[in-house]
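K.L.:
Please find one structure pasted underneath; my questions will follow.
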Amino acid sequence: MRSTSLLMQAKAAIPDIKQLPTKHKVSLAYTIHWPHKTVNPNINIKPREPVIFLHGVFGSKKNYRDYCQTIANQNYTPVYSLDFRNHGESEHAFPLVNYSTLTQDVVDFIHEHKLEKVDIVGYSLGAKVALLTLLKHPELCRSGVIIGNAPIKTPQVKVYLKAFIKALKALGDKRPEIKSNDKAWRAKARDVMRKYIPDGDILHYLLRNIDIRKPKNITEYKPGTINFSMPISHFDNKVVEDIADWPEEEVEGLKFEGPVRVIRGTQSVFINDKGLAAYQKHFPNYTLTNFNSNHLIWAERPLQVTKVVSDFLKKTRLLEMDGSAKALEESPKESYSRPPAHQQPLHKNDFTHIDVGALPVNGAQAESTQA
């Protein structure tokens with residue numbers, strides 16, 4: 001309690017850090033991707049069950065617009081793509097990324113929009129929120145597609161989350177030097193962050209949180225310079241711990257009996273043997289699709305991943321939900337002449353070329369390789 005009080009006092013003493021409200025309910029920003037009309041105007045197609053799409057940490061709904069539209073078109077169904085609290089265009093508030101809070105935000109969204117039996121698709125951070133929604137509110141969900149994460153604690157990701165936050169905060173410190181009317185503002189921002197995140201794909205992903213315009217619901221706006229769509233000044237070790245966490249006690253004994261497709265990058269350690277065992281325990285009707293990819297599956301295999309998602313939704317919608325979920329054909333396992341994913345150091349696979357040594361936390365690298 002004392003450390004929390006001291007942290008709040010320190011933040012209050014810094015003029016650029018705005019205090020955030022504590023809200024247990026936040027109305028999430030969203031985009032509905034409606035299926036494009038059929039070329040035959042005489043055919044009236046009624047949209048089927050809605051799909052909810054949940055993005056990853058430091059992401060937003062705008063990152064996945066094309067994929068969501070493709071899924072909507074191919075399944076003749078609306079896709080609701082959401083922004084989590086403190087991401088994209090959604091409101092900034094405490095708690096920042098607590099899984100129980102994020103899940104309740106999604107459940108409130110489903111109720112507010114009077115959606116029934118949704119198919120829920122989640123990637124990375126969104127994958128864990130999707131899993132928790134399926135387990136705690138099975139009456140609201142028909143199926144799930146889980147990409148790049150598992151229902152377990154993932155301490156191995158902490159070192160990389162710290163690197164991402166450190167890079168974004170370093171850019172925040174340089175804001176007065178980067179003017180919004182400078183045509184090279186994005187290149188200058190990239191140069192600041194490259195010291196911590198040399199990988200081009202990750203840099204591009206993180207830079208999607210920065211704009212020269214005033215984003216919606218922003219709490220730390222400065223005219224004339226770059227601005228963040230996230231309250232990055234408040235992202236600290238508590239955020240890192242929350243993202244790596246999983247509420248094991250909260251889901252003990254819970255199962256989701258509907259169909260679930262898990263999409264795994266075989267070069268990633270996010271879904272290891274322990275993760276697969278947890279899937280079997282909580283999601284007895286899950287099936288697995290492997291990709292020769294790291295954790296950034298959407299960046300490496302965008303068309304293939306989108307096809308797997310669409311094909312799964314089509315197939316499950318043809319099945320009678322009377323126990324026939326097991327009729328789903330499990331994708332063939334791909335074999336690679338490499339050690340099992342959980343025995344590999346994360347920095348050689350999931351987030352290439354991140355300078356782990358530049359991080360300020362002692363022992364973080366050992367933690368990542370031992371998990």
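From the backbone N, Cα and C atoms, a Cβ is placed for every residue, glycine too.
Just lifted these from Swiss-Prot, have a look:
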ACT_SITE  S124  active site, charge relay system
ACT_SITE  H295  active site, charge relay system
REGION    325-352  region 'Disordered'
COMPBIAS  327-336  compositional bias 'Basic and acidic residues'
K.L.:
Going by DSSP, give the three-state secondary structure for S124 (active site, charge relay system).
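P.N.:
The three-state answer is coil.
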K.L.:
Quick one: pull the CA-CA distance for S124 (active site, charge relay system) versus H295 (active site, charge relay system), whole Å only.
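P.N.:
Counting only the Cα atoms, the answer is 8 Å.
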K.L.:
Around the C-beta of H295 (active site, charge relay system), how many further C-beta atoms are within 10 angstroms, looking at every protein chain?
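P.N.:
Counting Cβ neighbours of H295 (active site, charge relay system) within 10 Å gives 26.
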K.L.:
Count the Cβ atoms, other than its own, that fall within 10 Å of the Cβ of S124 (active site, charge relay system), considering every protein chain shown.
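P.N.:
By my count, 24.
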